[in-house]
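Chemist: Handing you a structure now.
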Amino acid sequence: MLNAKIGKVGKVLVCGMKGVGKTALIEQLVYGHVNPETELHPTIEDIYVASVDTGRGGARETLRIYDTAGLQGEQQQLPRHYLQFPDAFVLVYDPMDPRSLDMLADIKADIEKHKEKKEIPVVVLANVRARAAPNPVEKVMDRANIWCQRERIKHYTVNAMERPSLYEPFTTLCARLHPMQTKSTFPQLRQVMQNRQKSEA
């Protein structure tokens, strides 16, 4: 137990407009007990820890998921300290409310401005909560798909009441944060890499 190697913990910030279902998504992903009768209160700030199976030989990776207060009205920017520490961002919107998608463009611009030249994965989740009124939802989701393609970010359709819909976005994100170590086929390079790892230990 003392010799167990502790892997890097990926820090993921979940953000978006107030009332789009960020907390319900996280609670369902981590605990799996959210249903339409579950009472959730507006979030100030919460932290969840999830152990994620990325499907790579049974190895589990750890995500620390930060749930933030929803943005609304005049406050359409994330506080600056939220932009400094995350390794990845999950942007959530409700396709029934086009304003929630518009707000994500501002959040993404802030992330780009403060990322300090490092590659930070960003994922967009459409939290489809109601099956009624497909036309407005489809128009908003078409806009979201076009925007995500232009920004080169992944766009997923999920439902906070359906836990399996949340697996793919978070396992993919976790795999990007914890890439597999590749072994070189060149013996000389492999020897250099092994020597470097020994000197770092």
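Each Cβ is built from the backbone N, Cα and C atoms, and glycine gets one as well.
Below are the features listed in Swiss-Prot for this protein:
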BINDING   16-23, 67-71, 127-130  GTP binding site
REGION    3-201  region 'Small GTPase-like'
MOTIF     40-48  motif 'Effector region'
Chemist: Run through the motif 'Effector region' (40-48) and tell me, per DSSP, how many residues are helix, strand and coil.
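Modeler: Per DSSP, the residues of the motif 'Effector region' (40-48) fall into 0 helix, 4 strand, 5 coil.
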Chemist: When a 10 Å sphere is centred on the Cβ of Gly19 (GTP binding site), how many other Cβ atoms does it contain?
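Modeler: Gly19 (GTP binding site) is surrounded by 12 other Cβ atoms within 10 Å.
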Chemist: Within 10 Å of the Cβ of Lys22 (GTP binding site), how many other Cβ atoms are there?
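Modeler: That number is 27.
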Chemist: Which one of the binding-site residues (Thr68, Leu71) has its C-beta surrounded by the most other C-beta atoms within 10 angstroms?
Modeler: Leu71
